[in-house]
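Participant: Mind looking over this structure? Questions follow.
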């Protein structure tokens with residue numbers, strides 16, 4: 001029980017804080033540093049977990065025996081790397097934050113489908129209904145965050161799309177990346193669920209090796225990483241107080257440090273939760289977390305949320321509520337699915 005509460009605290013605290021620091025870094029005037037952010041997040045998690053999985057008491061240091069086979073982590077690494085890098089780099093292709101949220105909201109539906117297809121999991125009518133409420137609410141709140149829904153505006157937008165002959169290929173490419181990111185993220189959730197069922201819930205090992213084995217893949221983007229590091233070094237200095245007075249520190253590097261720390265807590269919470277629950281519960285928890293972040297953004301950055309947007313938020317929380325009610329009863333289908341996967 002305590003581990004579950006700890007996981008929820010890490011997810012909602014760490015992930016929400018991480019989104020705030022990430023969006024602040026995204027709004028910098030020096031340029032995009034998305035690849036550098038992702039690399040630093042992976043490197044920090046690897047360094048933090050290294051002492052636990054590296055045995056240094058022998059003449060030659062070596063990694064402790066794996067509890068989960070290496071070939072399982074190879075698939076995890078591929079899915080995790082693709083999901084993380086595409087998710088952080090999609091903003092380069094004319095994708096706005098609302099569009100990003102809308103597509104990521106479909107992750108819950110995709111997760112339900114992949115778990116049904118790959119793991120043989122069956123869901124109750126209440127769970128399916130709650131997922132629909134969550135997804136529809138997420139889309140409404142994202143699309144109508146700033147302005148209320150009006151039928152005339154919808155007709156005008158449809159007319160513009162129909163009459164516009166030019167095609168924004170950059171935007172289309174960005175949408176394709178978003179679709180890829182959503183599918184790989186859902187596949188990763190379903191794959192982790194099966195891994196935990198078959199080999200045990202070794203979430204710490206999963207965190208370490210999914211990040212550690214992903215680091216060599218960043219060699220393919222090493223030139224971009226060097227460029228982004230130089231861009232970050234050009235950021236303005238801000239005045240910070242310390243015990244001896246005040247010092248000037250790089251603004252971007254300070255934000256990056258907080259982003260990396262909060263990402264670690266976020267990843268830790270997500271993996272603990274993944275080991276305690278199923279993939280759909282995890283997906284719904286992350287969806288609700290996104291809307292906590294949305295409400296924090298409205299509050300902290302003086303952004304307005306329309307009445308239509310609030311309707312979407314209410315639908316999200318209502319969907320989460322009825323899903324929790326549907327999850328109280330024992331899941332006989334889940335037990336059958338576990339036996340089937342073995």
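Keep in mind that glycine also has a Cβ here, set from the backbone N, Cα and C atoms.
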Participant: On the same side of the membrane, residue 4 and residue 121, at least as Swiss-Prot annotates them?
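Facilitator: Yes, same side.
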Participant: When Swiss-Prot marks a stretch as transmembrane segment, which of 124-144, 145-165 is it?
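Facilitator: Checking Swiss-Prot against the ranges 124-144, 145-165, the transmembrane segment one is 124-144.
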Participant: Below 8 Å between Cβ atoms, which of the listed ranges 7-27, 62-82, 308-328 makes the most pairs with the transmembrane segment (254-274)?
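Facilitator: Looking only at 7-27, 62-82, 308-328, the most contacts with the transmembrane segment (254-274) come from 7-27.
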Participant: By DSSP, how many residues in the topological domain 'Lumenal' (83-96) are helix, how many strand, and how many coil?
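Facilitator: Output for the topological domain 'Lumenal' (83-96) reads 11 helix, 0 strand, 3 coil.
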Participant: List, by number or range, the same-chain residues at least 6 past the topological domain 'Lumenal' (83-96) whose CB is under 8 A from its CB atoms?
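Facilitator: 26, 32, 34-35, 37-38, 41-42, 104, 168, 170-171, 173-175, 177-178, 180-181, 184-185, 188, 214.
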Participant: Taking every residue in the topological domain 'Lumenal' (83-96), what is their average pLDDT?
Facilitator: 80
